[in-house]
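Beneath this line is the structure, given in structure tokens, with notes to follow.
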Amino acid sequence: MTHSVQLKILDKRLGSEFPLPAYATKGSAGLDLRACLDEPLKIEPDETCLISTGLAIYLGHSNVAATILPRSGLGHKHGIVLGNLVGLIDSDYQGPLMVSCWNRGKEPYTINPGDRIAQLVVLPILKAQFAVVEEFELTERGAGGFGSSGQN
């Protein structure tokens, strides 16, 4: 299934010096987002930086949203994750896409212009309609919370 997304290029290096967002493989769920920086950016341990992706998107339909997610290799190997953990892009947002990068590692890390820093995933959205009730239908789990379903 595909969904047409309008993309506005805000940094003219995208599409020439830096590739446009693309799926790395046929099975990829996320499109790589790149750092549109003018020079390398060193992120010290425990520091966060807001980095431009050089683009804006318009999803155009209320039944979709996009998420900005971390790249697993950056987090696992270098401690670079998203400062807000997950970025949510609403269907009617049209502004620039920015990535909050947080160095939770013990060493400084340098992001270079054009580096892949996050991934964008477009998702279908179901709108909730609440039905107020006095009691829920009983389930096996019930109100069991954290850890109540066991470890294995």
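Heads up, residue numbers simply count up from 1 along the chain you see.
Just so it is clear, glycine is given a Cβ too, placed from its N, Cα and C backbone atoms.
Worth saying up front: this structure is predicted, and the values here are computed from it rather than measured.
If you check Swiss-Prot, you get these features:
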- R71, S72, G73, N84, L88, I89, D90, M98: substrate binding site (BINDING)
Extent of the substrate binding site in Å [max Cα distance among R71, S72, G73, N84, L88, I89, D90, M98]: 26
Most Cβ neighbours inside 10 Å, all chains, among the binding-site residues L88, I89: I89
CB within-chain contacts under 8 A for S72 (substrate binding site), separation at least 6: none
Nonlocal residues around R71 (substrate binding site), in sequence order (Cβ under 8 Å, 6 or more apart): D32, R116, I117, A118, Q119
Neighbour tally for D90 (substrate binding site), based on other Cβ positions within 10 Å of its Cβ: 12
Close in space, distant in sequence - M98 (substrate binding site), Cβ under 8 Å, 6 or more apart: L50, I51, S52, T53
Cβ-Cβ neighbours of G73 (substrate binding site) (radius 10 Å): 10
Secondary structure of S72 (substrate binding site) (DSSP, helix/strand/coil): helix
